[in-house]
Amino acid sequence: MCGIWALFGSDECLSVQCLSAMKIAHRGPDAFRFENVNGFTNCCFGFHRLAVVDQLYGMQPIRVKKFPYLWLCYNGEIYNFKQLQKQFGFEYQTLVDGEVILHLYNRGGIEQTASMLDGVFAFILLDTANRKVFLARDTYGVRPLFKVLTDDGFLGVCSEAKGLINLKHSTSLCPKVEPFLPGHYEVLDLKPSGKVASVELVKFHSYKDEPLHAACDTVETLPSGSFDLETVKSNIRILFENAVRKRLMTHRRIGCLLSGGLDSSLVAAVLLKLMKEININYPLQTFAIGMENSPDLLAARKVAAHIGSEHHEVIFNSEEGIQAIEEVIFSLETYDITTIRASIGMYLVSKYIRKKTDSVVIFSGEGSDELTQGYIYFHKAPSPEEAAEESERLLKELYLFDVLRADRTTAAHGLELRVPFLDHRFTSYYLSLPAELRIPKNGVEKYLLRQSFEDSNLLPKEILWRPKEAFSDGIASVKKSWFSILQDYIDQQVDDHLLEKAAEKYPFNPPKTKESYYYRQIFEKHYSGQSNWLPHYWMPRWVKATDPSARTLKHYKSATQE
């Protein structure tokens, strides 16, 4: 996890512009470099480093003797760089996994490069010999990327939008900053003036398709075409374990977020098992957050005891949660209601990890709810086919919601997040299964995933089959939910008449509740006029919901009241 920033064709003094690069310093607390491009005085790269691999040669932009005309700034991890080296005979100059991007590009161009990378990434690649700039982002947008491109060819690129919004440019008072689409690469021509012109934007991978890099994966071809339940369950276990194993690539200490729910518990259990297998000589630290005696804390405690991790509990009160709201919204760059609610706990636990431990590479369970139909409203899906379509829509929009939350809350504290549920091979296999296999069964969501690990003894049965909790209930004290605490506080902060006029003040995505109005005010304070970053609020489907919380859904209420 790092922070990348680059400008091409700046009309303003670069020493002034580079102050914007410091807005993302939290993403790379270990080192910083600012470098001009030879022959293009108005083009430059900025890089904030979190040293996870190759402590000696990991600074960026990466340049190697073999390709002196290539400049690479990237944020991410390429898990198959050694397999690609073996397959194509690449001669690496460093131990940095991202160096493979230069070799792949030299061998087969940008399309093959993006398609062959097994990992998470956002990168800027400059080819001065052919006068080209390339931008690319991984399939699910696990690593963030924003860009601004003006009509006269000034290009700014950054890991977070906050590094671009204050850039100065002669022809535009407020250039339009927008997220770069996941699963795409863009080709731009670099003019002698340092300005650029976009040539094409190409989608290089669809999450339903088996990725091109599967051909050189450590797991060979699995039995396909057969949807026999035992074969399916075995394949799910093999691919998930492989997803966790490849993510062990690091020189820094590994930790794991653990809520005691199915997803984080599975990740923690498999992670610890594999760490023992490869003789990692320190205990796995697991981290849970909640209010005193919250359901998540109690469940996580059970899991930690079962798997044998070094467990940490972070207890917060309502005042601490409320005080963090503005910092969280600034970090997130969104005003989405459920994203903000769920981010507060993750932000506070990340703060604890950074201050109190030496864990830096943090595993988490993001992506499972979207992939395996874990949200409670999936019980209301009219048909397995519609449930499958909804699952795909959620995956496509992950970069706007859960993946955004997971990246920003951890990156704000200089941590690197790893999400095995979003492994390309695992997700493409799961999505290839018949729709009726993937739906909730017997009133239980993620039934197939739970069933696949039933005989593994990785988790206690009550955790493996623990129903989905609304996040606001999971971290809350038994007396009062986080959802209710927020409503009570915000009710005092926003007058009724302000809410009545909300659609006039905020015509795009107008707030419908006091809570959404409160979040929007804070967002506009930091990111005025940028409401288009969120195309719509996250809301459940197939139910008449006015709030995104699972606790407002009938199925959830009946389950929690039993």
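Any Cβ shown, glycine's included, is placed from N, Cα and C.
Please treat TrEMBL annotations as automatic predictions, because they have not gone through curation.
Per TrEMBL, these features apply:
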type: DOMAIN; residues: 2-191; note: domain 'Glutamine amidotransferase type-2'
type: ACT_SITE; residues: CYS2; note: active site, for GATase activity
type: BINDING; residues: ASP97; note: L-glutamine binding site
type: BINDING; residues: LEU257, ILE289, SER364, GLY365; note: ATP binding site
type: SITE; residues: GLU366; note: site 'Important for beta-aspartyl-AMP intermediate formation'
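Comparing Cα positions, LEU257 (ATP binding site) lies closest to GLU366 out of the recorded positions CYS2, ASP97, GLU366.
All protein chains considered, the CB of the residue listed as 'L-glutamine binding site' has 25 other CB atoms within 10 Å. A 10 Å cutoff on Cβ-Cβ distances gives GLU366 (site 'Important for beta-aspartyl-AMP intermediate formation') a total of 28 other Cβ atoms nearby, all chains included. When pLDDT is averaged over the domain 'Glutamine amidotransferase type-2' (2-191), the result is 90. Counting only same-chain residues six or more apart in sequence, the Cβ atoms lying under 8 angstroms from the Cβ of GLY365 (ATP binding site) belong to LEU257, SER259, GLY261, LEU262, ASP263, SER264, SER265, LEU266, VAL267, VAL419, PHE421. Same-chain residues at least 6 positions away in sequence with a Cβ under 8 Å from that of CYS2 (active site, for GATase activity) are, in sequence order, ARG27, GLY28, PHE47, HIS48, ARG49, LEU50, GLN60, TYR74, ASN75, SER159. Using a 10 Å Cβ-Cβ cutoff, ILE289 (ATP binding site) registers 26 neighbours. For the recorded ATP site, residues LEU257, ILE289, SER364, GLY365 set the reference point as the centre of their Cβ atoms, and the other residues of that chain within 8 Å of it by Cβ are CYS256, LEU258, SER259, SER264, PHE287, MET346, VAL349, ILE362, PHE363, GLU366. In this structure the C-alpha atoms belonging to GLU366 (site 'Important for beta-aspartyl-AMP intermediate formation') and ILE289 (ATP binding site) are separated by 16 Å. Between the CA atoms of ASP97 (L-glutamine binding site) and SER364 (ATP binding site) there is a gap of 22 Å, rounded to the nearest whole number. Within the same chain, the residues at least 6 positions away from SER364 (ATP binding site) whose Cβ sits under 8 Å from its Cβ are CYS256, LEU257, SER264, VAL267, ALA406, THR410, LEU417, ARG418, VAL419, listed in sequence order.
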